[in-house]
Amino acid sequence: MSPILTISGLHKSFGKVEVLKGIDLTMQQGDVVSLIGSSGSGKTTLLRCVNLLEDFEQGSIELAGQSIGYKQDGGQRRRLSEREIARQRAMTGMAFQQFNLFPHMTAIRNVMLGLIKTKKMPKDEARAIAEKWLERVGMGQRRDHYPGQLSGGQQQRVAIARAIAMNPQIMLFDEVTSALDPELVAEVLAVVRDLANEGMTMLLVTHEMRFARDVSSKVVFMHQGRIHEEGTPEQIFGAPKTERLQGFLANSEF
Amino acid sequence: MNYDFNFDVIWRNWDLLAEGLGLGLFLAIVSIAIGCGIGLLAAFGMLSRHRTLRWIAVAYVSAIRNTPILVLILFCYFALPQLGIALDKISSFVFTLSIYAGAYLAEVFRSGLVALPKGLREAGLAIGLTEFKIKTNIIIPVMFRNVLPSLSNNFISLFKDTSLAAAIAVPELTFYARKINVESFRVIETWMVASMIYVVACYVIAALLRRLELRLAVPR
Ligand SMILES: Nc1ncnc2c1ncn2[C@@H]1O[C@H](COP(=O)(O)OP(=O)(O)O)[C@@H](O)[C@H]1O
Ligand SMILES: [Mg+2]
């Protein structure tokens, strides 16, 4: 089977500072890959490159057979047009640490917006899909609430529904529980876990090591812009090879 | 002091004052509506990546804000026709007041825009929206709701500024008050009543806008 996501030789700099120094990563459909590593190691930047929220100078990302963000044009590397990039962005779903719901729209309108404006769906169809997904994340009862009227955990579940409703090829989760009060973490992780069990392809950044161990098909440990060690959850958590990873795990909470 | 108050002439001309008040409100509403459009363009201009756009927007805003409004009114009414742009009194005044409101609202909108969290735009990008759709569906509506209180204050100032239209004989409240004053010599009564009307009108407008703000505010 051909991979759904192939990242090869990805380099990314902010000004003179190289933040990603050659990332190679392959994912099959249904894979759940967790990115772990200390703060500043480049996990967020990697996700943002996949979702084209950042441009990158070198390397390539291929999603479902398409080159993401750039094309080769007569030996020249060219950034795609804004319209093309917008279309490709909709192929990946992103859940952010800070939820980033649209505060002036109810939960259901948040989910419907992309369906109507990007996918050009009729309102009724968009509403039906939005209702289905809000139901699935346990927010069906709150569909007419505004983000400001919801708890952090509820907002994050709506944000996940908003991303998934677009029917992306892959879901990206960037520390979706780290802005939450401890008692709200579980409800969000439960939603992510359900999606993983149903075969959603996901690339997720997390500090919840126990969760990463439970849901992942592969765990990737990043350090200073490189993949330092990768393997199955058993390998990474049970028998970490490098000293760096051993040190990181010793300082992590489980 | 021995002054015989006599409000008869005011009561007899009540319809004129009401008509003047109505026109003043109309001028303020039309001007703030056009001013919002201009202000929005200027605000995006000030925040643009393009130097020329930034320069034009900043030049417009500072030029207008540093000119007394009466001078602007007289300039547009008396000088523009010399340059071949002749407008009737009311159009000329609406033009002036819109340009004037636009410069102040540009500043209001600009600070509203920079105060928005960056994540809003990125969340829009992530669901495949283009920059333009993000602006029209997310950025502008959210910013607009956030700046409603300043917008209300600007509207009330603008309404009071419509009194300056009397300078070019636009028949609004101040114009009629002056007319009644000149014809009747009831100086104290006329200006007392005119002031009262402005005070009450502003008070009522503020109360109405307050309710509108509550209705439109982002719920929490
Ligand atoms: N917009 C940016 N401009 C400049 N430097 C940035 C920017 N975003 C991230 N960085 C830097 O890139 C490095 C990796 O950041 P990030 O990907 O957020 O790491 P992580 O998510 O693993 O904590 C950090 O050193 C960070 O300071
Ligand atoms: Mg991060």
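Using N, Cα and C of the backbone, Cβ positions are placed for all residues, glycine too.
No curator has checked TrEMBL annotations; they are predicted automatically.
Feature annotation from TrEMBL assigns domain 'ABC transmembrane type-1' to B:21-209.
Feature annotation from TrEMBL assigns transmembrane segment to B:20-43 (among others). For the transmembrane segment (B:20-43), the residues of the chain that approach it from at least six positions outside its boundaries are 57, 60-61, 90, 93-94, 97-110, 112-113, 140, 151, 154-155, 158-159, 161-163, 165, 170-177, 197, 201, judged by C-beta separation under 8 angstroms.
The transmembrane segment annotation in TrEMBL covers B:55-80 (among others).
What TrEMBL records for B:92-109 (among others) is transmembrane segment. For the transmembrane segment (B:92-109), the list of distant contacts is 27-28, 30-32, 34-40, 42-43, 45-46, 57, 60-61, 63-65, 69, 72-73, 75-77, 80, 143, 147, 150-151, 154, 158, 161-162, 165, 168, 170: same-chain residues at least six beyond its ends, Cβ to Cβ under 8 Å.
According to TrEMBL, the transmembrane segment annotation covers B:188-209 (among others). Long-range Cβ contacts of the transmembrane segment (B:188-209) within its own chain (Cβ-Cβ under 8 Å, at least 6 residues beyond either end) map to 3, 5-7, 9-10, 17, 21, 25, 152, 155-156, 159-160, 163, 173-174, 177, 180-181.
Listed by sequence, the residues of this chain that lie at least six past the ends of the transmembrane segment (B:55-80) yet keep a Cβ under 8 A from its Cβ atoms are 41-46, 48, 86-87, 89, 92-93, 95-96, 99-100, 102-104, 106-107, 161, 164-165, 167-168.
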